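Student: Attaching a single structure in structure tokens format; questions to follow.
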């Protein structure tokens, strides 16, 4: 029997009443065979949308689902059909990552060639950082929009070549994004060079033996049947009398921090004030992730008890990282070059002002107002930006429009609406067009 027969007729014939049903449906889906091999349902979806009746819709969807399930079961054999070699995961090597990634310095290219998979995770971390930057600065005159680079290194953006407060934030959050992404990728087993944090892993076999012993003791004391109860709770809930042991898989934040330093700090080849500012802010960003790692625990034991606690570390939510760095930006310190070439920086304020702390963001160039378009200072201007005339924040029309005033315009946009869940298991939505009045900066 051919693979074609196995994939299409065997699963379907169990559910359809006659060969006529199978032939009719297979005829409509004939052009979808390659799509199904690639585990793509787009072709099936196109046929479903053209279904003439609810019964056809149900039969077509069931047929597609069965065919996909059959292909997954026979994955090893089905990959050979049509001569297709389909990898389970994308292949990450030096050619597919490093040589296709513009903007890398020579040192960064060397780091990438040694660890292309880690570099790919680092780039994902930078993208996450850019999106978080856009969230933190939404409604501000400068809103991180120039940093969006579609999975490329964003350091060619003008803001990275300046010494603004915004530059300090951009460097710090990018470094934090690399630590965050690489550390978690290690724990998820995605990278060859690292795994779980071995310092916080614990002896799994010893924990299993200990739990078995505790359960047997509970049985002997007549405390009921043996059945593990697992509940997650914050480490802060643990009282001083509670004991716990390392278990599970903690993100390898030590490796993530080290790779972030190797990959990003290697861009700096000089010891001028600009390089020192960038190195300092890179370190601040990394440290925010490290300092806000938190413990998460799981309770093991017989029903209603917690005879053994195992804990592991988790990285902070990246929204938390962004908010913490934004708070530090609000008290960032203006610096000037030190007379001695020691690589240190000092604040440019008078002696009675607060000196720069090691955990402060620092900058050396006062920011422009970002009101008018000026590519030399990474300012896109605010003309055409939507403002909120009732807001008390940075997005209020008076502030965002720089006193130029605003127009009231009618805007029409589309969004999904009236979504309904169908058993089983898909959601169908309508597309609604919404017309609203918005305030737009002149």
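The backbone N, Cα and C atoms fix where each Cβ goes, and this holds for glycine too.
Features from Swiss-Prot:
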DISULFID  133-144  disulfide bond
CARBOHYD  143  N-linked glycosylation site
DISULFID  186-194  disulfide bond
DISULFID  196-249  disulfide bond
DISULFID  297-311  disulfide bond
DISULFID  299-306  disulfide bond
LIPID     303  O-palmitoleoyl serine
DISULFID  371-402  disulfide bond
DISULFID  387-397  disulfide bond
CARBOHYD  388  N-linked glycosylation site
DISULFID  401-441  disulfide bond
DISULFID  417-432  disulfide bond
DISULFID  419-429  disulfide bond
DISULFID  424-425  disulfide bond
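Tell me about the surroundings of these features in the structure.
Tutor: Secondary structure at residue 133 (disulfide bond), as computed by DSSP, is helix. Neighbours of residue 133 (disulfide bond), defined as other CB atoms within 10 A of its CB across all chains, total 26.
Applying an 8 A CB threshold to same-chain residues 6+ apart, the list for residue 143 (N-linked glycosylation site) reads 134, 137.
Under the three-state DSSP scheme, residue 194 (disulfide bond) falls in the coil class.
Taking Cβ-Cβ distances under 8 Å and a sequence separation of 6 or more, the neighbours of residue 196 (disulfide bond) in its chain are 186, 187, 249, 250, 251, 252.
Residue environment of residue 402 (disulfide bond) contains 17 other Cβ atoms, counted within 10 Å of its Cβ in all protein chains.
If you take the C-beta of residue 387 (disulfide bond) and look for same-chain residues 6 or more apart in sequence within under 8 angstroms, you find 395, 396, 397, 400, 401, 406, 439, 440, 441.
When Cβ atoms from all protein chains are considered, those within 10 Å of residue 388 (N-linked glycosylation site) total 15, not counting its own.
The local packing around residue 441 (disulfide bond), expressed as other Cβ atoms within 10 Å of its Cβ over all shown chains, amounts to 20.
Residue 432 (disulfide bond) carries a strand DSSP state (E or B). Packing around residue 432 (disulfide bond) is summarised by its Cβ count: 11 other Cβ atoms lie within 10 angstroms of its Cβ, all protein chains included.
A strand conformation is recorded for residue 419 (disulfide bond) in the three-state DSSP classification. Packing around residue 419 (disulfide bond) is summarised by its Cβ count: 9 other Cβ atoms lie within 10 angstroms of its Cβ, all protein chains included.
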Student: May I ask which residues of the same chain, at least 6 positions away in sequence, place their Cβ under 8 angstroms from the Cβ of residue 144 (disulfide bond)?
Tutor: 130, 133, 134, 136, 137, 170
Student: Secondary structure at residue 388 (N-linked glycosylation site) (DSSP, helix/strand/coil)?
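Tutor: Once the DSSP labels are grouped into three classes, residue 388 (N-linked glycosylation site) ends up as strand.
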Student: For residue 417 (disulfide bond), find which of the recorded positions 299, 306, 311, 371, 388, 429 come within 10 Å, Cα to Cα.
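Tutor: Correct set: 429.
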Student: Are any of 299, 371, 402, 429 (the disulfide-bonded residues) within 10 Å of residue 311 (disulfide bond) when you go C-alpha to C-alpha, and if so which?
Tutor: 299
